[in-house]
Amino acid sequence: IDLSKYIGSFVTADYVVFALMLLVSAAVGVYFAWADRGQRSSGDFLMGGRRLTALPVSLSLTASFMSAITVLSNPVEVYRYGASIGLYGLSYVMMVVVTSEVFLPVFYRLAVTSTYEYLELRFNRATRLLGTALFIVQTILYTGIVIYAPALALNHVTGMDLWGAVISTGLVCTFYCTMGGLKAVVWTDVFQLGVMLAGFLSVIIRSVVLQGGVFPIISDSEEGGRLNFWDFDTNPLKRHTFWTITVGGTFVWVSIYGINQAQVQRYISCKTGKLQRFCSRMCLYSVYKHCDPWTAGLVSAPDQLMPYLVMDILGDYPGLPGLFVAAAYSGSLSTVSSSINALAAVTVEDLIKPHTHMSEKHLAWTSKGLSLAYGALCIAMAGLASLMGGILQAAISIFGIIGGPLLGLFALGILCPIANSKGALSGLVSGLVVSLWVGIGAQVYPPPAELTRPLPLTTDGCNFTITGGLNWTSTALPTQLIPITTAPAHNADSRPVLADNWYSLSYLYFSPIGTITAVGVGLIVSLFTGWQLKVEPRLTLMKEDTTLYYLIRCFKDRVRRLDLTKDREKEFGNTNPAFCDVELDLTRSSISHMK
């Protein structure tokens, strides 16, 4: 279908706004390259000299995993399945508690540059190398897809040149990462977060004006069954319930914010910018509640719905569609830049430093060269992603699945002092195998519609002829991080026994399965191969690391002071307020009189 019949297209003002976002991002890299031209160590380049302040780092942390895939796909989640994912707010709270109480103290105490340094300190070098290898593979794969996927979605709707957007995004990101290091990454993230919020607000404000206020949008969402927050069904096969989102979501987000190298480099707990995205999701449904563009065949995939909405309602305002596209690509830039910097860090710390005796100056130049190389590799991966077809979904699901076993490995080291290196390796491999088994099985045999439970959509209010419509009930690959597309249909008789049970588990349970398997197998193998009897206390969680310890100690101190006060009152009586109970310094007083 020719979308130009129904919506506008990109104009010069839109391209100017998009180009300005790229230009400012590149300028930040140039500034820090000049400002830090005297930096002589890899630590200055990769860690910002450990002198970054809390505010920009917290904003950078917020922006890092708001990729363009998330920006474009998450609004579709409410549009198709309802607002139950708003309960992610609870899993974020639990993630902050677990991260700050369990992982943060240990990494701070060790002052590691790479999280995988910890694995060698706690277990052995083989464990460190395996963890590093898994991180490098998944990150290169994911960053390439983060560059390509939004370009493809925006190309179909806005007419923006596909490869022009891919290459320009990749080159600008690589440029400022290579020039400015972590400082450039953090400060461009701050700028890009502002662009993302501005893009969301432009869509929200225009939608509210069109629909006649906020309350009609909420009313439309309620009537359409989109405000389905409280589903306490314990069935683990259902896609989204209170338990899958709060329990499974906690594991997913801890694996991202607790141990992921891209986050550990800027470790800090902070609030996340989810409110604007949630509002934009409800706006999307309210605008198209009577005429679904996907069912009508106006877009070929659900991920094109947000760009379609933008061009539909903002097409008459030159520059605003460009602002939203800049917001989407800001999500890509923040994610890719964090990944490139993290890849360079783990390569230097885990693969180069232990085997060479390079000076800090040479390591700094090596870090810049690695940033350049990894940037080029991510652009090449974006080109490969365009040829992957159906494998694209499987590749992104594998990225999410790897995080669970890695989380189990770190939990084994920090929380289980008795675990040994044999148990750690066995647990990591076992967790990876089980996670891949269920994840790939879910890709090949998608869960039935009664478990994913897509909500009804209609085209009754459309005022044009529907041609080539799609079936909205087609099952999507169960993961929130990827573009949703229709999955291949399978004959019910040809589905194996595990397809309707094991393979139909909610995608949010993939990470807990990997984590629990890694910890369980790790402890069992450690039991049969000899417990780890002596572990340095600094490598495990100590009671002094927890907030609870300080709260209890503070409470005991207050009780002790209260008891002393009571004992004093019993022994000396109460103080008479008519007299001063302050001891005078007679020596100082006499000296002043003598002067």
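Going from the start of the chain as shown, residues are counted 1 onward.
Yeah, the Cβs are placed from backbone N, Cα and C, and that goes for glycine too.
All annotation found in TrEMBL is predicted automatically rather than curated by experts.
For 15-34 (among others), the entry in TrEMBL reads transmembrane segment.
The transmembrane segment annotation in TrEMBL covers 54-73 (among others).
The annotation transmembrane segment is assigned in TrEMBL to 85-108 (among others).
Annotated transmembrane segment per TrEMBL: 129-150 (among others), in sequence order.
With a cut-off of 8 Å between Cβ atoms, the residues of this chain six or more beyond the transmembrane segment (162-182) that come close are 22, 25-26, 28-33, 36, 39, 44-48, 52, 147-148, 151-152, 154-155, 188, 265-266, 329, 332-333, 336-337, 340-341, 344, 367-368, 371-372, 374-376, 378-379, 382-383. Residues or ranges marked as transmembrane segment by TrEMBL: 162-182 (among others).
Residues or ranges marked as transmembrane segment by TrEMBL: 194-218 (among others).
The transmembrane segment feature in TrEMBL is assigned to 240-259 (among others).
Here TrEMBL flags 371-392 (among others) as transmembrane segment.
Feature annotation from TrEMBL assigns transmembrane segment to 398-418 (among others).
The transmembrane segment feature in TrEMBL is assigned to 425-445 (among others). Nonlocal intrachain contacts for the transmembrane segment (425-445), taken as residues 6+ away from its ends with a CB within less than 8 angstroms of a stretch CB, comprise 123, 126-127, 130-131, 134, 393-394, 397-398, 400-402, 404-406, 408-409, 412, 419, 477-478, 487, 490, 495-496, 498-499, 502-505, 507, 510-511, 513-523, 525.
Nonlocal intrachain contacts for the transmembrane segment (507-533), taken as residues 6+ away from its ends with a CB within less than 8 angstroms of a stretch CB, comprise 236, 239-240, 244-245, 247-249, 251-252, 255, 397, 400-405, 407-409, 411-412, 416-420, 422-424, 426-428, 430-432, 434-435, 438-439, 442, 478-480. Per TrEMBL, transmembrane segment is recorded for 507-533 (among others).
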Discussion item. Could you check whether the transmembrane segment (398-418) packs against the transmembrane segment (85-108) - three or more CB pairs closer than 8 Å, residues at least 6 apart in sequence?
Written reply: yes
Response to the item:
In the same chain, residues at least 6 away from the ends of the transmembrane segment (85-108) whose Cβ sits under 8 Å of its Cβ atoms read 74, 77-78, 115, 118, 229, 240, 242, 245-250, 252-254, 257-259, 264, 267, 269, 272, 274, 278, 410-411, 414-415, 480, 538-542, 545-547
